[in-house]
């Protein structure tokens, strides 16, 4: 197991991306995700990748650290690519692996879907790396404010989402501790028939769920002890404001979107 997953972790810095209003970051990421699925040419994918990598560089967080933090999802990305090679049978036969034909359409779709997956994980990670959980909560609550008119629990939803993001790395670390403890007792997660490997996961899941419920109970007790009563009457230490830097970020992203429209087939 690996607790290197960076989603949910916050890295303090004074970069341009850190100083952006969290609502700006969430809005840009929202539209970025939409346009990732509309990309259909090599040029449009290149534009999206350059924007995502450029944003990662602008965070002043070392790029190797960010890429290493994506290690737990590399398997899914590679699996997605290989799955398309096996399933998709469109286009011309490029080559054969042990007499199995690999089609051009399979390679193209595999690269496209894998790249989409990578970009989605990367930009989501950049949000949590540059934004504190409380900023994410405030931003989501502000963006969903209109739903309060229909009695929708906006604050509670925003709090749940931010807590979920915050506890991802904690659960990853807990998973690694439990897996090492089970391995020291002779449990083998990596070798043997698939049936035995699946059964070996059970001793890992049970204590993991117990630990998760225990942490949730401790968090609830801590919130109650501090007088938490939901969003009613709650004040904010730092009011969210759209600054010039946010306007510049929207303009920059707008230029990227124009480039995407011009490069679409």
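In case you wondered, yes, glycine gets a Cβ from its N, Cα and C as well.
Here TrEMBL flags 26-53, 65-87, 107-129, 245-263 as transmembrane segment.
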Query raised in the report: To the transmembrane segment (245-263), which of 26-53, 65-87, 107-129 is linked by the most Cβ pairs under 8 Å?
Result: 26-53
Query - Long-range Cβ neighbours of the transmembrane segment (107-129) (under 8 Å; 6 or more residues past either end) - result: 6-11, 17, 25-26, 29, 32-33, 36-37, 39, 45, 48-49, 52, 55-56, 59, 61, 66, 69-70, 73, 76-78, 80-85, 88, 90-91, 94, 136, 165
